[in-house]
Amino acid sequence: MESEESLLNVFVLLLFGSLLTVVGPSALEEGWQVYSSAQDPEGRCVCTVVAPQNTVCSRDARTKQLRLLLDKVQNMSQSIEVLDRRTQRDLQFVEKMEVQLKGLETKFQQVEDGHESNWAKQYQSIKAKMEELRPLIPVLEAYKADALLVRQFKEEAANVTELLGSLQDQLGGVDYQEVHSRVLDLEERLRACMQRLACGKLTGISEPVTIKTSGSRFGSWMTDPLAAAGDNRVWYMDGYHNNRFVREYPSMYDFMTTDNFTSHRLPHPWSGTGQVVYNGSIYFNKFQSHTIIKFDFSTSLISRSRQLDFAGYNNMYHYAWGGHSDIDLMVDEGGLWAVYATNQNAGNIVLSQLNPNTLQIVRSWTTNHPKRSAGEAFMICGMLYVTNGYSGGTKVYYAYSTNSSTYEYIDIPLTNKYSHLSMLDYNPRDRALYAWNNGHQVLYNVTLHHIIQ
């Protein structure tokens, strides 16, 4: 019973953590329909529909081609429903927060009007804090504008059924290549628009869901954020050194309930717990070196290796918990990243974006945060988040933006259920944090604040 409940919890977590989850139509008629929504340069939602009569060309090869386009674009449109659910849920939180902030502002004004009273003097320090919070109000207004755009997308999709009736007589001579090009263009525009909605600043982390209890105190586990639809394999690596065997489980269910796995032997042992599986390959730090290796699971061969120049290794600049965690590889919506430290940056964190094919550094950022003082770190939407520790009470308290090359201190609680974090990584496909917590494999959902620029 407990296993079934855990499986249900992880299913719900992954469902609401994934933006582009495919949601099929409730009742697909025997005919076909192709539609998509996108945003024009002026911010208005545009809906494009192509629809023949149900009785026309039912066995024509061109109709089959259009059916493929239906699957591609319709899935994109239906995913708006998932995005809308997430946005509305988060919107309820920020609207409540907005009311509280404005209410406090009114109360402080009333107290200020009675400045001669002792009561007013006692609240001067709180009023100063309120001045710091006041800039949040326009941010919340921007969030509501984003939510409005999502609703506009949803309304356009809902209007498609009515539009189909008036367009059924307009099949005529269709240039199928042109239709195909238009659909690809619309899909790209919609994905770009939804990606901007999907990305945002971390505002909350859910309570953890324990997926499994296994392995030693230290390790890592993950799924591939670029895996094809239906590919839900789980990758599992026990320990932080002197091991080169990676387990591949066919699915999350297999990982939770069985020992059904395939074992892959890496050509070198790994160092730390900063490995990542990305687009069918595993990227890891070779033990006792600053060499990064890309190992292709399909060929069981090293497809690329490269030294990360000046990066400390062999416990020179590890996370606070140790464990040869000098080099931490991670992914987000923007690609592959490496977090490490150098003598040149006085042992402070250096963040580099890597080309996943060549492992060359695309660009680097130097921060002012000591690597040894960091508990763990992860990337979301181009922003590095750092925890204040790895045991006991834990929170995310430092954030560095690669977009603006600036940092800030934040306060986002992270429930450290089993009192020792040795791995914490974000998966942009699931929109969830994967953690190894003292021999427990754990998932956290995240809440992001979206701002379209």
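Including glycine, each Cβ sits where the backbone N, Cα and C put it.
What TrEMBL records for 7-28 is transmembrane segment. Summarising the annotation, TrEMBL assigns domain 'Olfactomedin-like' to 198-450. If you look up TrEMBL, you'll see C199-C381 marked as disulfide bond.
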Using all protein chains in view, find how many other C-beta atoms are within 10 Å of the C-beta of C199 (disulfide bond).
20
Counting only residues 6+ apart in the same chain, whose Cβ is under 8 Å from the Cβ of C381 (disulfide bond)?
C199, G200, K201, D332, E333, G334, L448
Can you give me the average pLDDT across the domain 'Olfactomedin-like' (198-450), rounded to a whole number?
96
